[in-house]
Amino acid sequence: MADPMSCTASDLLPLLGGAPNATAAAAFICTRFEAVSAKLSDATYAIDNTFLLFSAYLVFAMQLGFAMLCAGSVRAKNTMNIMLTNVLDAAAGGLSYYLFGYAFAFGGPSNGFIGKHFFGLKEYPTPAADYSFFLYQWAFAIAAAGITSGSIAERTQFVAYLIYSSFLTGFVYPIVSHWFWSGDGWAGAAKSDGNFLFGSGVIDFAGSGVVHMVGGIAGLWGALIEGPRIGRFDRTGRSVALRGHSASLVVLGSFLLWFGWYGFNPGSFLTILKSYGTRGSYYGQWSAVGRTAVTTTLAGSTAALTTLFGKRILVGHWNVIDVCNGLLGGFAAITSGCSVVEPWAAIVCGFMAAWVLIGFNKLAEKLNYDDPLEAAQLHGGCGAWGVLFTGLFAKKDYVNEVYPGKPDRPYGLFMGGGGRLLAAQIIQILVIIGWVTATMAPLFLILHKLRLLRISSEDETAGMDLTRHGGMAYIYHDEGENSNLPQFKMRRIEPTDTPTPDHPSHIRV
């Protein structure tokens, strides 16, 4: 079939009749037409790459959100440590993803398990992917590493952060993203050969499983192997709150993450200038991008409000930290199906995500599991619920728009699409748990055996800012904590005598 945008002189000659110089006129018209077509093609590439670059910047800005959230959720004596780990997640992840990670994830053509091209971005870009795509995927990879750092905060050696972060972003995470997002991956919904898992493939549009579950399960194993922080549970096993030092930073971080999620979810379309041709010229991929932003907003908002009132009923007070975690749990859950569900379904997703988070937090206390940022419960638990939610509520029309080429593709069970998509989603949950456990648990165990994982009890009690990073982030005193940290008191500065024009005052402290 000829390209509808092509032009040849032989096509135009019959239209020009027997006019003099008809052949030359036809050739001239085709030349001008091809020039216009090339400009339109260039404009399309430019618009789509600009959209993807802007989305990558938004996702990268989530690192600042993670940093603020982590800083506010730990005690003040460990602030510099947790901030430095967030910086290193981005820096170490940048090199490891450039050297190995991107190739393992998207280095096609390859097999269904792992990519094998573009190490160090060799022979890149290609007609299928440009540098903006690499940047966007790198921002996702370091987000997974940032999740893990929250689970093992306040007690982990600095060298362990460097090792696990590089390993996670350079190998563990890229393999999972290859399985579900690469055209060669064995379980992806956009698999190029059309041989989909259960006739559907896994729909994990922006990464409830690929990003959030990977980071959460990795953090789970790190925290389990390290054990709880000193003082987190008393001798009888009763939970003792070790509150973070700044609710203000937690709220700031949560809003920054909310802002960045508009690059995380809508940006995962990768392109925006595409018409679906189903409802007229006003409707296209730009409409789906907007709908995805709406579903993201509704899920997070519903989860925040559900957590607010749920915790009020359970513990008797309004807690902004819990609300922020509930908000993020809603976002983590909707990330999988954000592009293929109706806005009303996103409200269901957020409501259930809040209770999933509350339930996993209760279970963590029962098992004496300590996660300072609730990262495993939030990203692992809510991420898993989001994967299941997609298998239940994915709408047929939206599935066919986002994943074209297979009109009879299965969709959500509750939407009349049968159980094959749900089965694929369950397989994703199981293989992610298995893969991350098989790779990250041995790594943390080896670091533990080599005494490279956890700091000494003396350093943990004093705080890593003072013992490992050359000084404290603040002049402070943790209320109710028996610490050996030096205490600082401010005294008023006042003159020693009455100043005169000839004798300026002497200041004493």
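Quick reminder: no glycine exception, Cβ is built from N, Cα and C everywhere.
According to TrEMBL, the features are:
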- 51-474: domain 'Ammonium transporter AmtB-like' (DOMAIN)
- 51-74: transmembrane segment (TRANSMEM)
- 86-108: transmembrane segment (TRANSMEM)
- 128-147: transmembrane segment (TRANSMEM)
- 159-181: transmembrane segment (TRANSMEM)
- 201-225: transmembrane segment (TRANSMEM)
- 246-264: transmembrane segment (TRANSMEM)
- 344-364: transmembrane segment (TRANSMEM)
- 376-394: transmembrane segment (TRANSMEM)
- 422-447: transmembrane segment (TRANSMEM)
Which stretch, 51-74, 201-225, 344-364, 376-394, 422-447, tops the Cβ pairs under 8 Å count with the transmembrane segment (246-264)? 51-74
How about long-range neighbours of the transmembrane segment (159-181): same chain, 6 or more residues beyond its ends, C-beta under 8 Å? 85, 88-89, 92-93, 95-97, 99-106, 110, 112-115, 137, 140-142, 144-145, 148-149, 152, 187-190, 202, 204, 207, 209-211, 214-215, 218, 222, 428, 431-432, 435-436, 439-440, 443-444, 447, 452-453
For the transmembrane segment (422-447), give me same-chain residues lying six or more residues beyond its boundaries with a C-beta closer than 8 angstroms to one of its C-beta atoms, as numbers and ranges. 160, 163-164, 167-168, 171-172, 175-176, 179-180, 187, 197-198, 200-204, 209-210, 213-214, 217-218, 221-222, 225-226, 336, 384, 387-388, 390-392, 412-413, 453
Same-chain residues at least 6 beyond the ends of the transmembrane segment (201-225) with a Cβ under 8 Å from one of its Cβ atoms are 140, 143-152, 156, 164, 168, 172-173, 176-177, 180-181, 187-191, 264-265, 268, 292, 332-340, 369-371, 375-384, 386-387, 390-391, 394, 399, 402-403, 421, 424-425, 427-429, 432-433, 436-437, 440-441, 444-445, 448, 453
Would you kindly list the residues that approach the transmembrane segment (376-394) from elsewhere in its chain, counting only those six or more residues past its ends and only Cβ-Cβ distances under 8 Å? 147, 151, 202-205, 208-209, 211-213, 215-217, 219-220, 223, 325, 328-330, 332-337, 340-342, 345, 348-349, 352-353, 356-357, 359-361, 364, 369, 411-415, 417, 419, 421-426, 428-429
Would you report the average pLDDT that the model assigns to the domain 'Ammonium transporter AmtB-like' (51-474)? 94
